[in-house]
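Peer 1: Sharing the features that TrEMBL gives for it:
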type: DOMAIN; residues: 371-450; note: domain 'Cytochrome c'
type: TRANSMEM; residues: 15-42; note: transmembrane segment
type: TRANSMEM; residues: 70-93; note: transmembrane segment
type: TRANSMEM; residues: 105-128; note: transmembrane segment
type: TRANSMEM; residues: 148-169; note: transmembrane segment
type: TRANSMEM; residues: 189-215; note: transmembrane segment
type: TRANSMEM; residues: 227-249; note: transmembrane segment
type: TRANSMEM; residues: 275-296; note: transmembrane segment
type: TRANSMEM; residues: 303-320; note: transmembrane segment
Amino acid sequence: MDFPLFHLDWLNDRFLIAMIAIIHVFINHGLAVGFIPYITLLEQQGVVKSGRNEVTDLAWDATVHRMMMVGFVVTTTLGAMTGVGIWFSAALISPNSIGSLIRVFYWGWFTEWIVFVSEVVFIMIYFLTWKNSNKSLKAKQRHIRFGWFLSGFSWLTMAIIVAILGFMMDPGNWLTHHSFFNALTNPIYLPQLLFRTPTAMVIGGAFGLLLIMLFTKKDSLVRRPALKTTAIWILVWLPFSILASIYYYNVIPEAMTANMSTAVGTMDFAKYYNLLKYIILIATSSLAFLAVFILWKPKRVNFVMVLIPFILSLGFLGIFERVREFIRKPYVIGDYMYSNLIREEDYPLLQKEGILKHATYTGITEITDENRLEAGRDVFMIACSRCHTSQGINSIVYVFEKMYGFDKPLDINSMKAYIPNMHNGRTYMPPYPGNAEELDALAHYIFYLQLSGTSVQGAQSAGAKLNPEHSVEHFIELKTQE
Ligand code: HEC
């Protein structure tokens with residue numbers, strides 16, 4: 001309401017954020033948080049394995065260095081870009097919620113930014129000084145210590161961001177006392193951090209297995225011991241990951257009952273939630289099986305055997321992210337701001353006086369026969385467009401046709417009866433925020449969308465009109481009349 005709204009009609013706005021975010025999580029967890037301590041451990045093993053007069057086992061060290069090169073290239077390019085990309089896309093699509101989060105987590109975010117930039121610089125230092133550090137044992141040991149330090153730093157960036165993710169799911173006490181401390185100690189923070197930490201380690205190890213298979217020959221002296229170390233690494237972290245995922249899994253329903261006002265219509269959630277249970281089981285047991293097999297018959301391991309558990313473990317993390325997104329709905333910040341970017345506390349006012357009156361960007365001050373469609377479009381943009389498109393993915397025409405039948409015109413009165421109650425049956429949707437005239441305009445507009453097949457344009461192509469009643473001229477006029 002306070003910003004001109006960007007909108008992607010074919011893709012769906014939420015999809016854009018989700019795509020960038022999921023790539024980022026895989027890279028962050030798999031190639032930074034979990035990978036760097038794993039690589040440091042391997043680097044250290046090279047020194048331990050080496051002969052009395054050597055700094056390190058050179059063949060081993062060269063392989064580990066190559067593995068780190070993948071981590072280095074991917075984290076500092078795609079990883080860093082998608083990390084920043086999440087905030088760019090989220091700020092574009094969900095400006096109000098990012099605004100609130102920045103206000104609440106100002107110093108957390110500030111710290112995170114410093115830590116993140118330092119992390120990228122430290123990764124560069126770690127990777128680029130690797131070869132030089134092989135000149136003396138002292139330098140190598142310093143390099144390894146730096147690796148451990150970097151591991152702590154990568155974990156720290158994740159630890160700060162998870163506070164914000166937990167807060168969005170369930171702000172906890174912050175809802176009564178708006179303090180940074182209360183926001184930070186939200187109830188989901190710790191379970192989620194406990195889950196992500198060992199899971200990142202496991203995925204880092206699974207990624208390591210893949211790279212070992214790629215970078216070593218079948219009969220090389222490096223492959224077998226490297227596979228074994230990785231298998232042990234995975235077996236050490238896996239029980240923690242399983243226990244933490246069960247703990248997190250059990251905390252989720254509490255957040256959900258807090259967020260979802262009614263118990264009906266949670267079918268879709270149940271679907272993902274059940275899926276989660278099986279994925280935990282399948283992904284973790286396949287990894288455990290693989291690790292044991294590696295220890296038992298390292299010679300028989302092949303690329304496909306490593307690839308499948310790796311993909312499953314990404315699925316494991318991915319489904320958790322999906323569920324995390326799902327349980328937040330209909331809120332973008334639990335019990336505070338709905339996904340349509342309207343605060344819960346503003347609802348009574350808006351439902352009485354209308355959303356357009358209080359919207360900064362609309363050309364409509366009074367709905368008439370002439371401007372009804374334009375008004376309906378603005379209501380759609382404000383109330384529905386963060387989750388629905390007009391003709392693309394999760395199209396508003398399609399969801400209504402699915403209910404009332406395809407191949408026939410939508411009925412305006414049925415839609416008008418449905419929309420004010422939509423949040424009861426489908427608890428992932430926020431209640432309709434506007435008043436009765438706006439509802440009428442919205443239903444006419446959806447009918448028009450079906451009939452004409454036109455797509456709604458976001459502010460990036462359609463431009464935005466400033467509400468005449470919010471203009472400086474209007475305020476001057478009011479003031480001079482006083
Ligand atoms: C928080 C995101 C969100 C918002 C905001 C939202 N919806 Fe939805 N809506 C959804 C999702 C998700 C579905 C489920 C789609 C599916 O089942 O594939 C849905 C489904 C629907 C359905 C079909 C319901 C059914 O029982 O099959 C209708 C109708 C609908 N939305 C109308 C609206 C209207 C009108 C608005 C704006 C006033 C709106 N929605 C706002 C997320 C949202």
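First residue shown is number 1, and so on along the chain.
Quick reminder: no glycine exception, Cβ is built from N, Cα and C everywhere.
Annotations in TrEMBL come from automatic prediction, not curation.
Looking at the shown structure, can you explain where the listed features end up?
Peer 2: Within the chain, the transmembrane segment (15-42) has long-range Cβ neighbours (under 8 A, six or more residues past its boundaries) at 8, 60, 64, 67-68, 70-71, 74-75, 78-79, 82-83, 85-86, 89-90, 93-94, 119, 123, 126, 144, 147-148, 150-151, 154-155, 157-158, 196-197, 199-208, 226, 229-230, 233, 314, 317-318, 321, 325, 393.
Within the chain carrying the transmembrane segment (105-128), a Cβ under 8 angstroms from the stretch's Cβ atoms is held by residues 32, 36, 68-69, 71-72, 75-76, 80, 83, 143, 146-147, 149-150, 153-154, 156-157, 160-161, 163-164, 167, 180, 183-184, all 6 or more beyond its ends.
Only residues 6 or more beyond the boundaries of the transmembrane segment (189-215), in the same chain, are considered here, and those with a CB under 8 A from a CB of the stretch are 26, 28-31, 33-39, 42, 63, 66-67, 70, 155, 158-159, 162-163, 165-167, 222-223, 226-227, 230-231, 233-234, 237-238, 240-241, 244-245, 247-248, 251, 287, 290, 294, 301-303, 306-307, 309-310, 313-314, 316-317, 320, 324.
Sequence-remote contacts of a segment are chain residues at least 6 beyond its ends whose Cβ falls under 8 Å from one of its Cβ atoms, and for the transmembrane segment (275-296) they are 202, 206, 209, 227-228, 230-232, 234-235, 238, 241-242, 245-246, 249, 305-306, 308-309, 312-313, 315-316, 319-320, 323.
Under 8 Å from some Cβ of the transmembrane segment (303-320) lie the Cβ atoms of residues 22, 25-26, 29-30, 195, 199, 202-203, 206-207, 209-210, 213-214, 245, 248, 272, 275-276, 279-280, 282-284, 286-287, 289-290, 293, all in the same chain and six or more residues away from its ends.
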Peer 1: I'm checking region-level scores; what's the whole-number mean pLDDT for the domain 'Cytochrome c' (371-450)?
Peer 2: 94
